[in-house]
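Pulled from TrEMBL:
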COMPBIAS  B:1-12  compositional bias 'Polar residues'
DOMAIN    B:159-380  domain 'ABC transmembrane type-1'
REGION    B:1-25  region 'Disordered'
TRANSMEM  B:32-53  transmembrane segment
TRANSMEM  B:59-82  transmembrane segment
TRANSMEM  B:94-115  transmembrane segment
TRANSMEM  B:163-185  transmembrane segment
TRANSMEM  B:197-224  transmembrane segment
TRANSMEM  B:236-257  transmembrane segment
TRANSMEM  B:289-307  transmembrane segment
TRANSMEM  B:362-384  transmembrane segment
Amino acid sequence: MSKRIEAIDLNVYYGNFLAVEGVNINIEPRSVTAFIGPSGCGKTTFLRTINRMHEVLPGARAEGRLLLDGEDVYATGVDPVTVRTQVGMVFQRPNPFPTMSIRDNILAGHKLNGARMSRSEADGIVEKSLRGANLWNEVKDRLDKPGSGLSGGQQQRLCIARSIAVEPDVILMDEPCSALDPISTLAIEDLINELKNEFTVVIVTHNMQQAARVADKTAFFNIAGTGKPGKLIEYDETSVIFNNPANKQTEDYVSGRFG
Amino acid sequence: MTTSTDTTQRGSAPQPGGTRKNSLTAGQMPRWTWIAVAIGALVLAAGLTALLGGGSFSWTGWLIFAAVLYIVGMYVTTYAIENKRRATDGIWRNLVWAAFILALIPLVSVVWTVFANGLPTLLANPQLLWTDMGGVTGADDIATQNEGASLQGGFLHGLAGTLMITLMATIISVPIGLLTSIFLVEYSRGGWFSRSIVFFVDVMTGIPSIVAGLFAFAVVELFITTFIGESPRHVQMIKMGLTAAIALSVLMIPVVVRSTEEMLRVVPNELREASYALGVRKWRTIFKVVLPTAMSGIASGITLAIARVTGETAPILVTAGYAAATNWNPFSEWMTALPVFIYRQLMNPTAPAAGLPSADRAWAAALVLIVIVMLLNLAARIIAKAFAPKKTGR
């Protein structure tokens with residue numbers, strides 16, 4: 001229930017603009033990996049290529065190989081929808097479906113795909129996912145209320161519950177705490193620590209303390225200047241990246257020095 | 001012409017350096033200034049109207065004079081007491097109000113006239129709603145007008161026609177319009193094809209409705225003469241409810257496309273991405289996430305489009321003709337819509353020598369038509385509320 005992610009010479013484009021160049025990375029299953037780096041360096045862009053969400057934007061494409069347990073998700077004939085059922089994603093801003101109740105939001109991945117299931121089966125999925133997202137006790141009495149009525153932190157955990165409900169192998173998180181207060185952030189970080197028992201978790205964050213707290217390994221991306229492509233500078237154990245980085249750029253970034 | 005009001009204002013204006021007041025409010029007009037100016041303007045206008053009218057007093061003239069005098073008077077007063085900036089601010093505010101009231105006058109007047117003329121007839125003869133003009137002759141109307149016999153006939157056939165034609169038009173235009181706007185928003189990527197669709201939809205919005213009627217007539221004629229036959233009996237078939245519905249959908253489709261397009265564009269992209277990220281296919285995302293989220297706006301847009309075509313006369317007259325009997329079948333025989341009924345009753349009364357009963361029926365029908373349109377607008381609001389994403393539960 002958890003897959004290895006490997007990128008081999010991956011280039012990511014927006015139209016003709018090369019946004020991320022030559023990424024080679026190997027992400028272990030059942031681990032938490034954090035992507036850090038300045039804005040515009042391609043962390044999110046690379047993250048979105050892992051479940052082929054990148055190409056949803058007009059003109060966006062990726063070249064190179066990206067392997068999920070050895071299988072190339074960019075091979076010809078691969079249906080992006082199949083990839084996305086295996087690689088879930090949580091976005092920067094909580095985005096529960098406003099027309100659906102909390103329960104229906106959890107079941108969205110199944111119901112939107114037209115899956116038929118018995119009521120007890122559905123209840124089981126809802127409870128398991130909500131417990132997995134540490135939200136069950138807070139919402140179990142109001143599963144039929146709209147998801148948009150929850151607080152921001154609860155909404156984000158609802159979105160995490162929604163993505164684990166379809167039982168993916170990998171969960172991608174794009175700055176999941178940037179819109180949340182410290183207490184909700186703590187709840188999500190605790191959750192990430194539990195999620196890695198079952199899933200491969202990749203998280204983009206601007207908060208270096210957060211990366212240090214949750215990630216087993218950390219990847220630092222940087223950009224040489226505007227209009228230049230972003231690159232993966234260094235990828236290592238989190239403690240190494242923050243305490244003893246091999247690259248000067250990484251050291252400057254994690255210690256807050258630039259230039 | 002505003003001297004009288006002017007002088008009264010000056011005397012009461014707070015003098016700078018007078019009694020100790022809040023210095024921030026110094027130099028301002030007292031609050032009742034506008035009442036004083038309004039009274040002055042009304043009195044002055046009354047005198048002016050009486051003078052110019054030469055004996056007869058015109059109420060309309062009085063109000064117009066008063067409005068002009070009030071606007072000018074307020075400007076001069078404010079200029080004199082306060083300053084030019086506030087005077088300019090005031091004159092624009094008054095002009096905006098005047099424009100608003102001017103725009104409201106025809107609206108209120110139309111509703112008032114229709115209710116005043118139609119309601120008594122309808123209350124006295126509620127059978128108008130469930131009888132048609134079948135068998136009603138000029139002799140009946142002459143009897144009604146001259147001998148006080150009860151009003152004969154009704155406009156059930158008009159109600160049936162309006163209902164069936166609008167229903168058919170909705171069935172035709174809603175899928176086409178909805179799918180067109182889904183294509184424009186979700187599938188096209190701003191190429192020449194989608195831009196030309198947008199252009200032609202905009203052109204269609206401005207099409208004169210009679211052209212839509214002739215177009216529908218020509219299309220159905222082409223279809224019938226090509227596939228069914230060219231004998232006069234077949235050509236007779238052209239005029240039916242369906243032809244009118246096609247004409248109305250030509251008018252309706254652009255309205256539906258534009259309103260739906262706007263509504264789909266405001267659905268946040270995050271929701272589409274959330275759905276894609278769950279491994280949901282595009283068409284399912286559109287039909288199960290995007291459309292439900294935009295449903296309230298789409299539904300009210302469609303209802304307003306229906307309300308707009310309900311009042312059409314010319315395209316229905318040339319495509320569905322005019323019948324005196326109730327016809328519920330839009331696929332054969334002529335049909336009458338309420339606006340056509342009103343038009344015919346006023347232009348060609350049942351009894352040319354005794355037009356009053358026909359006019360009464362026309363007013364009552366106009367009242368019913370306005371009520372239908374009002375109810376549709378109300379329905380649009382209720383639908384919008386009912387479908388709107390729920391925000392409660394916090």
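Here the Cβ of each residue, glycine as well, is placed from N, Cα and C on the backbone.
Please treat TrEMBL annotations as automatic predictions, because they have not gone through curation.
Values in this document were obtained by computation on a predicted structure and should not be read as measured data.
When the stretches B:59-82, B:94-115, B:163-185 are ranked by Cβ pairs under 8 Å to the transmembrane segment (B:236-257), first place goes to B:163-185. Relative to the transmembrane segment (B:163-185), the listed stretch B:197-224 leads the set B:59-82, B:94-115, B:197-224, B:362-384 in CB pairs under 8 A.
Here the transmembrane segment (B:94-115) does not lie next to the transmembrane segment (B:32-53) in space: the count of CB pairs under 8 Å, restricted to residues six or more apart, is fewer than 3.
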